[in-house]
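Engineer: I'd like to ask some things about the structure below.
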Amino acid sequence: MLYLLAQWLHFEGFSNLIRYQTFRAGATLLTALVIGLIIGPRFINMLRVRQGKGQPIREDGPQSHLAKRGTPTMGGLMIVTALTLSLLLWMDVTSRLVWACAVVTLGFGLIGFLDDYDKVTKYAHKGVPAKVRLAGEFVVAAFAAWLAVGETNLYVPVFSNLYVPLGPFYYLFAIFVIVGAGNAVNLTDGLDGLAIMPVIIAAGTFAIIAYLAGRYDFATYLGIPHVKGAGELAIFCAAMMGAGLAFLWFNAPPAAVFMGDTGSLALGGALGVIAVAAHHEIVLAIVGGLFVMEAVSVIVQVAVYKRTGKRVFRMAPIHHHFEQLGWKESTVVIRFWIVSIVLALIGLATLKVR
């Protein structure tokens, strides 16, 4: 909004400054951070009063988690609010790619909110039926894919100019990437600070990737897909980082609030659509490797148990497996953060390695 206003009124100095995406990305990050820190305490108090018992805690989980009873959930409302307000100030509202990201963030956030609300009101672990939730996610993802997808070639990193033409099937692939990313982050969100920091790291990584993909000179030099307007995605990533850092302030152990499905689905879906829009879906699987590992651990656990009656892991998702092995919650979280940083560096290396 400020971007278009400055262009329309021809503000000297500020108009020149605001046209730089790097400046707007930094401003968006700081704005989202400040907004999140300001509204955070009020949101938490409101959620605590309205929810009473807070998020249901699994009885069959690690016994240390029982101390978290009474902690409110739906903290994702704070994240989405800070992210949205900062974007309205600094993004180019004419950008089709940013609107695709906004559709997924708000759409997935709403689905997550309904799921959280059902769990809190019934004080049960099962919220909205999985089939209903997934159907909603696929509808939202399909609309976002229609907005975000231009070329239908799948870019394969590391190999020089290797693209796999998928044609119309690319849209199906894009939808599965978006839905898969949303649910993978959702499965990761099981410990204080575990999901939000890897999301921040992934968003920071894709801010760099999106900016480079949006610049024809850099994209040509690096041999990566050039996506016109992709630089605006860096501003969206910056908003995710700022809002995420603000949430982490309150989610640091012992957490004062959980993001719930409201936040995890919104942020995961956003990462998915950003990767699709920037044509770096495979790189997302690398950068978000922690989320992939968490999701795969659940799939393997369920599949093997149904077939043999035996468990591969002591408990799934895999972060609970390490807790059952005797790792403290803080140890699991910090070590998983380190894994995320390493994976982000590997993801960035694919931009240059050929």
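Just so you know, glycine gets a Cβ as well, placed from its N, Cα and C.
Positions annotated as transmembrane segment by Swiss-Prot, on the basis of sequence analysis: 27-47, 73-93, 97-117, 138-158, 162-182, 193-213, 230-250, 256-276, 282-302, 331-351.
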Engineer: When each of 138-158, 162-182, 193-213, 230-250, 331-351 is checked against the transmembrane segment (282-302) for Cβ pairs under 8 Å, which one has the most?
Structural biologist: 331-351
Engineer: Examine the transmembrane segment (138-158) against the transmembrane segment (97-117) and state whether at least 3 Cβ pairs sit under 8 A, considering only residue pairs 6 or more apart.
Structural biologist: yes
Engineer: Against the transmembrane segment (162-182), which of these stretches has the most C-beta pairs under 8 Å: 97-117, 193-213, 230-250, 256-276, 331-351?
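Structural biologist: It is 256-276, which has the most Cβ pairs under 8 Å.
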Engineer: Any chance you could find the range in 27-47, 97-117, 256-276, 331-351 with the most Cβ pairs under 8 Å to the transmembrane segment (230-250)?
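Structural biologist: Maximum Cβ contact count belongs to 27-47.
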Engineer: What same-chain residues lie close to the transmembrane segment (27-47): Cβ under 8 Å, and 6 or more beyond its ends?
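Structural biologist: Beyond its ends, the transmembrane segment (27-47) has Cβ neighbours at 72-75, 77-79, 81-83, 85-87, 89-91, 235, 238-243, 245-247, 249-250, 256-257.
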Engineer: Look over the recorded stretches 73-93, 97-117, 193-213, 256-276 and say which has the most C-beta pairs under 8 A to the transmembrane segment (331-351).
Structural biologist: 193-213
Engineer: Can you tell me which parts of the same chain pack against the transmembrane segment (73-93), counting only residues 6+ beyond its ends and a CB-CB cutoff under 8 A?
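Structural biologist: Beyond its ends, the transmembrane segment (73-93) has Cβ neighbours at 1-4, 24, 27-29, 31-33, 35-36, 39-40, 43-44, 47, 51, 54-55, 102, 105-106, 109, 112-113, 116-117, 119-120, 232, 235-236, 239-240, 242-244, 246-247, 250-251, 257-267.
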Engineer: Determine which residues of the chain contact the transmembrane segment (97-117) at the Cβ level, with the cut-off under 8 Å and only residues 6 or more beyond its ends counted.
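Structural biologist: For the transmembrane segment (97-117), the sequence-distant neighbours (Cβ-Cβ under 8 Å, at least 6 residues beyond its ends) are 55, 73-74, 76-77, 80, 83-84, 87, 91, 127-128, 133, 136-137, 140-141, 143-145, 147-148, 178, 182, 186, 227, 229-230, 232-233, 235-236, 260-270, 272-274, 277.
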